[in-house]
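Okay, structure first, notes after.
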Amino acid sequence: MLRGANAINLDTKGRIAIPTRYRDWLGDTCQGQFVCTIDIQSPCLLIYPLNEWLLIETKLRALSSTNPQERRLQRLILGYATESELDKSGRALIAPTLRQHAKLQKKVMLVGQLNKFELWDEDMWNQQIKNDLEDGLPTGIELSSGLREFSL
């Protein structure tokens, strides 16, 4: 499973070095292959191990190409989806269009989200975490069924 926030660097060629603690798992799970795409709700990228991405593709394929909202979702997620794999040094290339979309600079955050990573520009990540902590969970609104039953 992918968890934890890791401060890493984007090199001049647009590569990130995946932290060592994830490399064996990624090698065993997906032979180091993954798909990177945009997050449609946050200014970050989503990096899915290939096996997890195939599940996402199945869900996207099931959407209607005649429904404008579903078509828009397919267009954005699939249109930006880029396959890649870890090199022998455990580095992964992030496509220029994806780097531009997420406004990635040299310092980035690789954040495990169980079945995928989020890749953030470090300053944007810090601002997002600050906002999340300040906002907390809203009161006076109806929580989703998942949040009603969620506990730590």
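Along the chain as shown, residues are numbered 1 onward.
Cβ atoms are placed via backbone N, Cα and C, with glycine included.
Per Swiss-Prot, the feature domain 'SpoVT-AbrB 1' maps to 5-52; the stated evidence is sequence analysis. Residues or ranges marked as domain 'SpoVT-AbrB 2' in Swiss-Prot (evidence: sequence analysis): 81-124.
Averaged across the domain 'SpoVT-AbrB 2' (81-124), pLDDT for the predicted model comes to 97. DSSP places the residues of the domain 'SpoVT-AbrB 2' (81-124) in helix, strand and coil in these numbers: 9 helix, 20 strand, 15 coil.
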